[in-house]
Amino acid sequence: MFNYLFKKDTLLATIAVFFIMGLLSLLPINTHVLDPIKFALQDFDYNDLAYSRMGKNRETPIDTNIVIVNIGNAGRQEIAAMIQKVNEQHPKVIGVDVLFNAPKGEAEDSLLKAQITNNPKVVLAYNLHSNGEAISHEGFLYGQAPNKGFANFIGEEGGVIRHFAPTMNQGSNDYSFFAASIAKVADPQGYQELKSRHQPIEIINYTHTSEKFVVVDGQELLNGEINSVSLANKVVLLGFVSSEEGSVLDRHFTPMNKNSFGKTLPDMEGVFVHANIIRMILDKDYIRKVPAWITWTLAFLLCWLHMSLFIKYYLERHLWFHLVAKTAQLFSAILFVYLALLFFYKFDTKVNLTPSLVAIILAVDVLYFYEAFCTWLNKKYHYKSVFAHAKHH
């Protein structure tokens, strides 16, 4: 293997692999035959296995500093009363994960407006809309809420929620994400650290399932039946939590879904996704990403090593070439996925080994083309290569 590591042909064949990868990335491939497979895989990320199979954060204790108030089917007047009731206990912040897109009635709207506009601790959720060029906000209380944030998730149209955008920009307007706006009120220093990362997209570090958050019933709160839970100095989120098993209302797929492949039912309400993001910001517990230049350098080096092995068996043990090549590819694929999962599980670091896997898979086919090209160059221009006059044994 190492006899061929520093041969010119090993290096050139490796470069050819990445040249082919570049060409393939430019091709507009549209294969309808593969649509069912694409549909099954489009929301799959092997890092999800760290949650569903390896039990990442499974032993996380219950978070008693973020409390969810389940609004159920409450109307605006009742939601206003819940905000007032929560505020009486002096929480750090009150996040209202409810969309009020249009006015309903003067009586209930005025009560809600009073609670939201007169309380600096309240953060209101709203939706952003984009047509590809312009961004617009939705919500009749948008202009009157002192603290607010957009609640749109990346991939929320039936996909898996793995990322969020801390801010969105449109001209001179900056729109903050709902969970980030809550963190800004609860912990300004933690919010500044989020901003200082200058990441347009953040990976969500899911540390808690929905069962690991304290949930109180909004109606019981109004009736004075909640005595065991103190809301003082807590982050309190008002949102919808379904009491029906199998409900899909305001639920999303997350990496914590036990069915990581071919998911059937969404597993987490939006308010719990926001709670996980808030916890991540407050704890400064971010998922790190290996830089792209390291990813591609590693892919090149690994492909180079494999290419030297492939050339050795191609020239010296051709009878065993395909067996050795396929075995090496399979072993490498399993090893790379395991190592990537281990880094994600242990160190909260996302390593993208897809370029390495693709390069190693393409290496065998590219080697055939490279040998044919070298043979042609040798016959026409007497180009020297390890493949010239080589006999396969």
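Cβ atoms are placed via backbone N, Cα and C, with glycine included.
Caution: TrEMBL annotation is automatic and unverified by curators.
What you are looking at is a predicted structure, and each value in this text was computed from that prediction instead of being measured.
In the predicted model, the domain 'CHASE2' (39-310) shows an average pLDDT of 90. Per TrEMBL, domain 'CHASE2' is recorded for 39-310.
Listed by sequence, the residues of this chain that lie at least six past the ends of the transmembrane segment (12-29) yet keep a Cβ under 8 A from its Cβ atoms are 299-300, 303-304, 307, 311, 355, 358-359, 362-363, 366-367, 369-370. Positions annotated as transmembrane segment by TrEMBL: 12-29 (among others).
Within its own chain, the transmembrane segment (293-315) has Cβ neighbours under 8 Å at 1-5, 7, 9-11, 13-14, 17-18, 321, 324-325, 328-329, 332, 351-353, 355-356, 359-360, 363-364, 367, 371, 386-387, 390, 392-393, counting only residues six or more beyond its boundaries. The transmembrane segment annotation in TrEMBL covers 293-315 (among others).
As annotated by TrEMBL, transmembrane segment applies to 327-345 (among others).
Nonlocal intrachain contacts for the transmembrane segment (357-377), taken as residues 6+ away from its ends with a CB within less than 8 angstroms of a stretch CB, comprise 9, 12-14, 16-18, 20-21, 299-300, 302-303, 306-307, 310-311, 314, 325, 328-329, 332-333, 336, 383, 385, 387-388. The transmembrane segment annotation in TrEMBL covers 357-377 (among others).
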